[in-house]
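As structure tokens, the structure follows; a few thoughts come after it.
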């Protein structure tokens, strides 16, 4: 029998997600075009970066939709709505969300192991004498290595048995039959989960490096603000005048026709080169000063400071929630052999408490959870922009406005994809109750032992409720299936969270010290940056 889903559910849940898809691609197009180099770009790399960034944003945006749909099935008094009373209807909605997660995760794998590496090497082979065919062949040759790594991860996940293997005295045929049954019983889910979990370990390293630093760098940058284009242009103009004066003195020194010494010739060449760069910088700043975007920034400066203060407060709340959650898991969790899983939280969690209490004011809780997710994504972008892209101690690329190379944009999108995969795990750690059940409630029968009377109590949904009473989000189900199926991954995520908290504290201290050192000097001595550069 066909399942009919009410139009109100489609309008409330999926139509906003379609709007988010359009906005994600528009934002990705604007962001990539804003940072890509004017003189060093290619259509194929640009389109790949835009698509990769859009997929990244959609993977994050699906979580609030997931939470909203399971919450929308029930009324505030704990009963399923008439259209959701049938288990088959609920299952069809859950399957639609689940397949959306699968599609996005598979898209992330395709981009991570195939498209981004191929486009990276395709651009690297760009030359005046090269043809499209030769570039494709060379890029495919290097991309094969990534495909082999993906195949190895899928094979390990598919063939490594997670359930009890057959007895030691079983035949080779029985063992082979067991492996095929394992692979067929979960339709290759173990293979995909192992590959995705391996990617999330890399994402955890990127989260610790970039997101933890970006959570402090972004708010303090907004509070402190950037130097005005006019002020910077005047400083560059003063630098240019100083260099021109030094050059004129050298020129006057040899007006009598004497031959210039090698030392003075070298100094003259250096001055000419610096003057050329300063004049170009001055023209660029003059153009930026007259642009409408600069005028908008000046008007929005007070709002930027307010948002900076709000962001730093949000970062501190997230830090406290993650810290309490980590302490709770090590004190009351199931240990490293179970990935430090926590059956029932014992310590208060500020974010979880806020999310559960804001359910009473629709749609405040969905706005907050969406804001937290987008905040993490934008902090990751800010961290990558400020730090650049590093390979251990080697700085590979810088992210600069309209001067970023295509390889850097592809690397940035790859890092953001890995971070978003890990963000979904961190979100489950940050607010386990809300991310698992949303705003659902259920009735629990309790007995008064003194009077031997039975009465019902309305409670928020938790793990003690049955599947018929509460519906778990697909995100929480996938987190258990994918990321905590092997205890090793759960333990790595747990200790990675501690690393994230440590880098956040370090970045917070560095941001405060940098602000205290820079602000007084720029206020008292506007030419400090000019002297420092010199």
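Heads up, the Cβ atoms here are built off N, Cα and C, so glycines get one too.
Automatic, uncurated: that is what TrEMBL annotation is.
Taken from TrEMBL, the feature transmembrane segment covers 12-35 (among others).
Tertiary proximity for the transmembrane segment (47-73) is limited to same-chain residues at least six positions away from its ends with a CB under 8 Å from its CB atoms, namely 9, 12-14, 16-17, 20-21, 24-25, 27-29, 31-32, 36, 80-81, 84, 90, 93-94, 97, 100-101, 104-105, 107-108, 111, 115-116, 119, 359, 363, 366, 369-370, 373-374, 376-377, 406, 409-410, 412-414, 416-417, 420-421, 423-424, 427, 434-435, 437-440, 471-475. Marked as transmembrane segment by TrEMBL: 47-73 (among others).
Residues or ranges marked as transmembrane segment in TrEMBL: 102-123 (among others).
TrEMBL lists 144-164 (among others) with the feature transmembrane segment.
What TrEMBL lists as transmembrane segment is 191-213 (among others).
The coiled coil feature in TrEMBL is assigned to 226-281.
Marked as transmembrane segment by TrEMBL: 305-324 (among others).
The annotation transmembrane segment is assigned in TrEMBL to 366-387 (among others).
What TrEMBL lists as transmembrane segment is 408-430 (among others).
What TrEMBL lists as transmembrane segment is 493-514 (among others).
Beyond its flanks by at least six residues, the transmembrane segment (102-123) meets 42, 44-45, 48, 51-52, 55-56, 58-59, 62, 135-136, 138-140, 142-143, 146-147, 149-150, 192, 195-196, 199, 406-407, 410-411, 413-414, 417-418, 420-421 of its own chain at Cβ-Cβ distances under 8 Å. Tallying C-beta pairs under 8 angstroms between the transmembrane segment (493-514) and each of 191-213, 305-324, 366-387, 408-430 places 191-213 first. 408-430 is the stretch from 305-324, 366-387, 408-430 with the greatest number of Cβ pairs below 8 Å to the transmembrane segment (191-213).
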